[in-house]
Amino acid sequence: MATPLCQPAASHFIDGTFIEDRTGPEILSVNPVDGEIIAKLHGATSCIIEKAIASAKRAQKEWARKEPAERGRVLSRAADIMRARNRELSVLETRDTGKPISETLVADAASGADCLEYFGAIAATLSGDSIQFGEDWVYTRREPLGVCLGIGAWNYPIQIAAWKAAPALACGNAMIFKPSEVTPLSALKLAEILTEAGLPPGVFNIVQGAGDVGAELATHPAIAKVSLTGSVKTGARVASAAMAGIRPVTMELGGKSALIVFDDADVEAAVSGAILGNFYSAGQICSNGTRVFLQRGIREAFLARLLARVAALKIGDPMDEETDIGPLVSAAHRNRVATYVARAEVEGAYQMAPPRKLPPGDAWHEPVVFTNVTDWMTLAREEVFGPVMAVLDFDDEQDVVARANATDFGLAAGIFTRDLVRAHRLAAELEAGTVWINAYNLTPAGMAFGGIKRSGIGRENGRVAIDHYTQLKSVFVSMQT
């Protein structure tokens with residue numbers, strides 16, 4: 001039998017080397033374009049999990065003792081290697097996820113490299129405080145947590161792995177990372193790159209598997225902290241398991257974000273933001289602004305330009321750099337999205353975008369724009385995670401803020417207006433962890449990212465991420481003797 005196109009050396013990466021255990025359940029990595037099996041792996045058994053834990057515990061202490069600047073240099077070298085191999089990594093990500101190569105070349109490994117570089121630079125600046133109390137004084141030490149667990153999602157596999165690994169390793173922790181079983185491949189490449197950059201064996205380990213593997217890891221007494229990117233349902237389950245052992249968690253979960261367009265907005269910029277916030281990665285982005293609120297005075301011009309640009313989006317082979325929209329990650333996920341579309345029509349929403357001819361295969365879905373959407377419709381309340389935009393009308397500022405906040409989610413929001421006083425006023429009033437003004441879905445490594453309400457706990461990226469991967473120790477020094 002021929003070796004699958006993207007077959008890794010083995011399923012797991014532990015203690016600086018690839019490890020296989022074929023007794024674990026089979027995991028098939030499938031190219032969603034045509035259903036081709038591109039890799040066959042095996043989920044972790046309890047034996048594999050214990051090997052990863054033992055390796056990480058052993059390596060973490062020595063890694064933490066290294067000078068922070070030395071840890072930073074390893075991360076910086078890894079960033080350089082990732083950039084040098086950006087095309088190779090992007091091709092792998094496109095085959096595993098179905099996302100267009102035009103996206104993966106600029107937004108996946110590249111973003112991961114930026115994060116490694118950012119935290120590589122921060123590592124040498126980690127410090128505590130000194131406080132005087134008369135002649136006595138207190139100083140604080142910022143210490144690593146120990147062995148951290150990262151659990152990834154299938155939409156940005158290598159980016160998420162790097163976003164979790166970079167701050168953890170910069171602070172002197174070890175990390176065990178479990179990729180999504182749907183897209184298991186690129187995290188293994190990150191582990192190889194970190195090792196090549198000089199990361200000691202065991203500091204970053206990869207174990208494969210489904211939710212049962214994540215649950216076993218999250219409840220393991222050796223795990224000091226859990227960071228997960230995924231659905232609200234999965235996040236609640238993992239957070240509950242972690243908190244049973246009094247472990248801190250960082251959760252980046254789902255969203256139903258509002259993108260608000262005022263009458264005075266630049267139409268072209270607002271349409272660009274809405275397209276980016278609904279159809280990039282075929283809509284499979286947690287922070288997408290899928291509730292597009294249009295003030296009535298701009299509605300007609302906005303929709304006319306939007307529909308013209310949506311009609312021009314190229315759907316096709318994701319390896320073609322001219323392609324704008326590829327398949328969804330799987331046929332099963334495509335069917336889930338189609339169910340939401342059908343339900344929206346039953347509930348009275350009107351589909352504006354004309355039907356498109358789709359390539360052969362079971363994972364494709366055309367971009368959809370719904371108008372006549374009301375706040376009570378399922379489409380306006382639940383996360384679809386596909387190329388489906390809901391357009392809602394509004395009259396005034398107070399009305400739209402109240403409606404934008406009327407959701408269990410709080411990941412992100414966008415505001416398009418020329419009135420920056422109004423924009424800053426709304427940014428303060430909107431219940432969201434991230435607000436973009438006259439832009440959307442831009443996430444530089446130096447910007448903290450995360451949600452409130454049911455969209456998550458804690459933040460990824462930015463200097464604040466250091467707080468989530470360290471613990472403070474206070475040392476009181478008496479000068480009375």
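The chain as shown is numbered from 1 upward.
Cβ coordinates come from backbone N, Cα and C, glycine included.
Binding of NAD(+) is annotated in Swiss-Prot for GLY152, ALA153, TRP154, LYS178, PRO179, SER180, GLU181, SER231, VAL232, LYS233, THR234, GLY254, CYS286; the matching candidate from GLU36, GLU50, GLU383, GLU397 at the same site is GLU383. Of the residues VAL138, VAL147, VAL182, VAL203, Swiss-Prot places VAL182 in the same K(+) 1 site as SER29, ASP96.
Cα distances from CYS286 (NAD(+) binding site) to the recorded positions ASP96, LYS164, VAL182, ILE246, LYS453 are smallest for LYS453. Of the listed recorded positions, namely ASP96, GLU181, GLU252, GLU460, the sparsest Cβ surroundings within 10 Å are found at GLU181. For ILE246 (K(+) 2 binding site), the nearest neighbour among the binding-site residues GLY152, TRP154, GLU181, THR234, judged by Cα separation, is THR234.
Reduced to three states, the DSSP call for THR234 (NAD(+) binding site) is helix.
The recorded positions near TRP154 (NAD(+) binding site), taking a 10 angstroms Cα-Cα threshold over the set LYS453, GLY456, GLU460, amount to none. Looking at PRO179 (NAD(+) binding site) and GLY456 (K(+) 2 binding site), their Cα atoms lie 19 Å from each other.
Nearest in space to GLU181 (NAD(+) binding site), taking C-alpha to C-alpha distance over the recorded positions SER29, ASP96, LYS164, LYS453, GLU460, is SER29. Rounded to a whole value, the Cα-Cα separation of SER29 (K(+) 1 binding site) and LYS164 (active site, charge relay system) is 22 Å.
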